[in-house]
Amino acid sequence: MALCEAVASGSPLVWPRVLLFGDSITQFSFQQGGWGASLADMLVRKCDVLNRGFSGYNTRWAKIILPRLVRKGSGLDSPVAVTIFFGANDSALKDENPKQHVPLEEFVANLRSMVRYLRSVDVPEGRLILITPPPLCEAAWAQECLQQGCKLNRLNSVVGEYARACLQVAQDCGADALDLWSLMQKDGQDFSSYLSDGLHLSPKGNEFVFSHLWPLIEKKVSSLPFLLPYWRDIAEARPELSLLGDGDH
């Protein structure tokens, strides 16, 4: 069978998608050992894991770009799961970092706006996971700020306010939530080892995020098949009979 004939006779193979939407903690998640890379590894031949992390972004900017990332009529199925992972920049102190700071009330409104938009493009709440920012190690981040010639521009207590607001939005909307801020500080443990510079994740922090996020993702994708046949199951004489079906596993 000529290649053009094979292509014409086979049904299009649509890869389901998991969308990771967030700030630098998402952008960096595809680095070696990152939580996003670990998700992609777990979902090989089941889903494409798309990294849509934008370093330095807050929810004010995120809600503007979201319709450019997910829309109806794009020729792609809607994502089977979406993580929304903001707050680390929104919670920056207004006096020290006014550009990234977003007031708490606006942060809540922006999260709700993104959830509403996703619902409008056929991504229901049951596919969403809202992730709180991790706790801030003020001592380590203060050193980072000092090296950049600025004062400490975030406080862990303030980050906690944004984390609690994120959880409330998830509860109100019926979405899943991952409370990193609380989990990393559970029982008063030293959480500094989860962070590379007081704000961003260390290798141990990436492992922590993956271990807690995977169960939430898994229940949303557990019914998805392994795409295309196992190589031993491909018909030897006429492989097209095995390979030009409906993406059966």
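Cβ coordinates are placed from backbone N, Cα and C, and glycine is handled just like the others.
The Cβ of S24 (active site, nucleophile) lies under 8 Å from the Cβ of G53, F54, S55, G56, A88, H200, each on the same chain and at least six residues away in sequence. Marked as active site, nucleophile by Swiss-Prot: S24.
Taken from Swiss-Prot, the feature site 'Transition state stabilizer' covers G56 (among others), and the record attributes it to similarity to another entry. Within 10 Å of the C-beta atom of G56 (site 'Transition state stabilizer') sit 12 other C-beta atoms, taking all shown protein chains into account.
Here K63 (N6-succinyllysine) comes close to N110, S113, M114, Y117: these same-chain residues lie at least six apart in sequence, with C-beta atoms under 8 angstroms from its C-beta. As annotated by Swiss-Prot, N6-succinyllysine applies to K63.
Feature annotation from Swiss-Prot assigns site 'Transition state stabilizer' to N89 (among others). Taken residue by residue with DSSP, N89 (site 'Transition state stabilizer') is part of neither helix nor strand, so it is coil.
Annotation comment: Swiss-Prot describes D197 as active site, proton donor. Non-local neighbourhood of D197 (active site, proton donor): A140, W141, E144, each in the same chain, at least six residues away, with C-beta under 8 Å from its C-beta.
Taken from Swiss-Prot, the feature active site, proton acceptor covers H200, and the record attributes it to similarity to another entry. Summarising the environment of H200 (active site, proton acceptor), the number of other Cβ atoms within 10 Å of its Cβ, over all protein chains shown, is 19. According to DSSP, H200 (active site, proton acceptor) sits in a coil region rather than a helix or strand.
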Quick check: in three-state DSSP terms, what is K63 (N6-succinyllysine)? helix
Near N89 (site 'Transition state stabilizer'), which residues of its chain come within a Cβ-Cβ distance under 8 Å, counting only those 6 or more away in sequence? D23, G56, Y57, N58, Q100, V102
Per DSSP, to which secondary structure element type does S24 (active site, nucleophile) belong, with helix, strand and coil as the options? helix
